[in-house]
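Asker: Have a look at this one.
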Amino acid sequence: MDVDLDDIDLDVSAVPYSVSTGAPPDSDLVDEAIQDAYDRSVDTDDGKVADYIPILAKVDPELFGISVVENDGSKHGVGDVDHAFTIQSISKAFVWALACEELGPEKLLEVIGVNNTGLAFDSVMAIELNDGHPMNPMANAGALASTALIPGKTADDQWERILDGFSRFAGRQLEVDADVYESESAHNQRNQGIAHLLESYGRIDSDPLEVVDIYTKQCSLLVTATDLAVMGATLAHGGVNPVTGVQVVSDEVCHDTLAVLAASGLYQKSGEWLFNIGLPGKSGVTGGIMTVAPGKGGIATFSPRLDNAGNSIRGQRATAYLSRRLGLDLFASSPHNNDGDNHSDKK
Ligand SMILES: NC(=O)CC[C@H](N)C(=O)O
């Protein structure tokens, strides 16, 4: 199932961020834009809820929320923005950022790489085709390797560091959904296989099953769309959480993380996403998509029905609309004059 943007009215009258000063539009205009994005996306029931982790199939497929957090910390939201769901693959962005903060980008480039393999998120073939390297850091193999790089004497130490880092990104103490963790742990054979393969190529040093266990916990952390927008806004704001004021990672790490997301954040559909939306983003199988507008803020959508790569369909539609409506596309030279013309042939 591909996302069809043909039937959304993407011609928008601009209420963009000021290109010259980065000054945000009036708050009520942002609220209006989010409501319009919701209204233009809510009617589609295209796509399917993930069911390869059994408990995920129980979600209400109609849930839908859109949250925007600006770099001044102001929050906007429509719909189910307070519904908690497990972060899943979006965790890959934050573990990569935390590992990069601890070890520097050279180490991550050497061990993992930053290229998109063009293959599904749980591909084993991607590892074989590349002699264990490079691995897309936003797919499972590269993500497991990132988790393994987090410093700590024991697996528990590594986990505590991840939990603490994620909580600082979100600006509140996050918790694991024990039921999701249990369900995924019982159906994790593929990730265990990937971790063993990485060990055989010398890409992870620690016990592969322990690495998978930490990775499964990080994927099982509960967040809301509002949390994800705050986490995205932290990456948009040079690593400083705009709500708490805490510096979580450096400005350089934000740059490097956003570059990785631009290349790989939506699995094998990352090129289409960048073409349509023009912003770095990261999706997860529970239906979250976190999008970052550097220097401006974070957008998060939550809607569980997915396309065939595992990306939320309503989330892609709503973000495509918001990117235009707010003039956020990094590749649009004149968002001030975003009357639709400069995007009219995008599908
Ligand atoms: N794409 C995803 O969100 C996948 C995350 C999930 N925990 C897995 O490893 O399969």
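Cβ atoms here come from the backbone N, Cα and C positions, even for glycine.
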Asker: For the substrate site that TrEMBL describes with Ser89, Asn140, Glu184, Asn191, Tyr215, Val285, which of these is also annotated: Tyr201, Tyr267?
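Answerer: Record check against TrEMBL: substrate site with Ser89, Asn140, Glu184, Asn191, Tyr215, Val285, extra candidate from Tyr201, Tyr267 is Tyr267.
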Asker: Around ligand 1, within a Cβ distance of under 6 Å, which of the binding-site residues Ser89, Tyr215, Tyr267, Val285 show up?
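Answerer: Those binding-site residues that pass the cut-off, since their Cβ is under 6 Å from ligand 1, are Ser89, Val285.
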Asker: Tell me the Cβ neighbour count for Ser89 (substrate binding site), meaning other Cβ atoms within 10 Å of its Cβ, over all protein chains shown.
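Answerer: The Cβ of Ser89 (substrate binding site) has 24 Cβ neighbours within 10 Å.
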Asker: For substrate, with binders Ser89, Asn140, Glu184, Asn191, Tyr215, Tyr267, Val285, what's the maximum Cα separation in whole Å?
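Answerer: The widest Cα-Cα gap among those binding residues is 20 Å.
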Asker: For Tyr215 (substrate binding site), what residues in its own chain, 6 or more apart in sequence, show a Cβ-Cβ distance under 8 Å?
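Answerer: Sequence-distant Cβ neighbours: Ala143, Leu144, Thr147, Asn191.
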